[in-house]
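Taken straight from Swiss-Prot:
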type	residues	note
DISULFID	CYS97-CYS189	disulfide bond
CARBOHYD	ASN5	N-linked glycosylation site
TOPO_DOM	1-25	topological domain 'Extracellular'
TOPO_DOM	50-57	topological domain 'Cytoplasmic'
TOPO_DOM	80-100	topological domain 'Extracellular'
TOPO_DOM	121-140	topological domain 'Cytoplasmic'
TOPO_DOM	159-196	topological domain 'Extracellular'
TOPO_DOM	221-237	topological domain 'Cytoplasmic'
TOPO_DOM	261-271	topological domain 'Extracellular'
TOPO_DOM	292-312	topological domain 'Cytoplasmic'
TRANSMEM	26-49	transmembrane segment
TRANSMEM	58-79	transmembrane segment
TRANSMEM	101-120	transmembrane segment
TRANSMEM	141-158	transmembrane segment
TRANSMEM	197-220	transmembrane segment
TRANSMEM	238-260	transmembrane segment
TRANSMEM	272-291	transmembrane segment
Amino acid sequence: MDGDNQSENSQFLLLGISESPEQQQILFWMFLSMYLVTVLGNVLIILAISSDSRLHTPMYFFLANLSFTDLFFVTNTIPKMLVNFQSQNKAISYAECLTQLYFLVSLVTLDNLILAVMAYDRYVAICCPLHYVTAMSPGLCVLLLSLCWGLSVLYGLLLTLLMNRVTFCGPREIHYLFCEMYVLLRLACSNTHIIHTVLVATGCFIFLTPLGFMTTSYVHIVRTILQIPSASKKYKTFSTCASHLGVVSLFYGTLAMVYLQPLHTYSMKDSVATVMYAVVTPMMNPFIYSLRNKDMHGVLGRVLGRPFQRPK
């Protein structure tokens, strides 16, 4: 196959992480189950928030958008993955691969930025409660979300355009679940120094800056909570941000396992970590946010038409 990766006929072979038919069947049913659970969980969160005026607050506004992002995120990768598990033809066109990569980068970035905005929301609610209504006005919430979307779209476009300049040659076999940046760069036969430098530099800004902001927010939140004299009030206050803290830990923990390493050390063992951030995290987010949320339990009960009992 020649090195002209701009050809409309260019293709990759998306081989997945196993070529065993038996293992592929197991993986098919596993990922199908996880996909259905993810879709159901995030759709229920969106329906619950949109159907009850008591949940029309900044925190739930951002949570609904996080659920929408997670829903879009898994739909970008898993359906193609399921088709490949059941098909002998593993080919994915170059254009389709780049499209998948674009949405993957954009949606991961959007997830990251929304989590940072949610941390700011919790900071204002706990550290500056008297100013919460004015500080988190509907106009500001829409503006913050628009900035998140804009930065995510531009960042995904930047990396995708840079990837479009990379030349591939030899066997274009992707032993992975989807078209992922590091995996594609390992297949390149042209110099990838520039794109790798841009990837590291922009990645540090796009991901570490929000992480630093969230860390600073939680330092102030913890300090404020420690000043509360009542133990029960401390617990109640902390519980309002515990779910967000759990999601942030899961999101950044799995991303760090995959991306905080040199390109030349990237290997198939990182597939497990990739599955964690690409599939497990979007699946777990609705459960984490609704597990101990009494308001969410009541609304979900009405949406489902039956009582929604919190697990003992």
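Each Cβ is built from the backbone N, Cα and C atoms, and glycine gets one as well.
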Residues outside the transmembrane segment (197-220) whose C-beta sits under 8 Å from one of its C-beta atoms, at least 6 past its ends, are 109, 112-113, 115-116, 119-120, 122-123, 127, 151, 155, 158-159, 162, 181, 241, 245, 248, 252, 255, 259
For the transmembrane segment (272-291) and the transmembrane segment (58-79), decide whether they are in contact, meaning at least 3 CB pairs lie under 8 A, counting pairs 6 or more apart in sequence.
-> yes
Confidence over the topological domain 'Cytoplasmic' (221-237), expressed as mean pLDDT on the 0 to 100 scale, is 87
What are the DSSP helix/strand/coil residue counts across the topological domain 'Extracellular' (159-196)?
-> 15 helix, 4 strand, 19 coil
Is CYS97 (disulfide bond) helix, strand or coil when read with DSSP?
-> helix
Under DSSP, the topological domain 'Cytoplasmic' (221-237) has how many residues in helix, strand and coil?
-> 13 helix, 0 strand, 4 coil
Using DSSP three-state counts, the residues of the topological domain 'Cytoplasmic' (121-140) come to 17 helix, 0 strand, 3 coil
Determine how many residues of the topological domain 'Cytoplasmic' (50-57) DSSP places in helix, in strand and in coil.
-> 5 helix, 0 strand, 3 coil
Cβ under 8 Å to the topological domain 'Cytoplasmic' (221-237), counting only same-chain residues 6 or more beyond its ends: which ones?
-> 122-123, 126-127
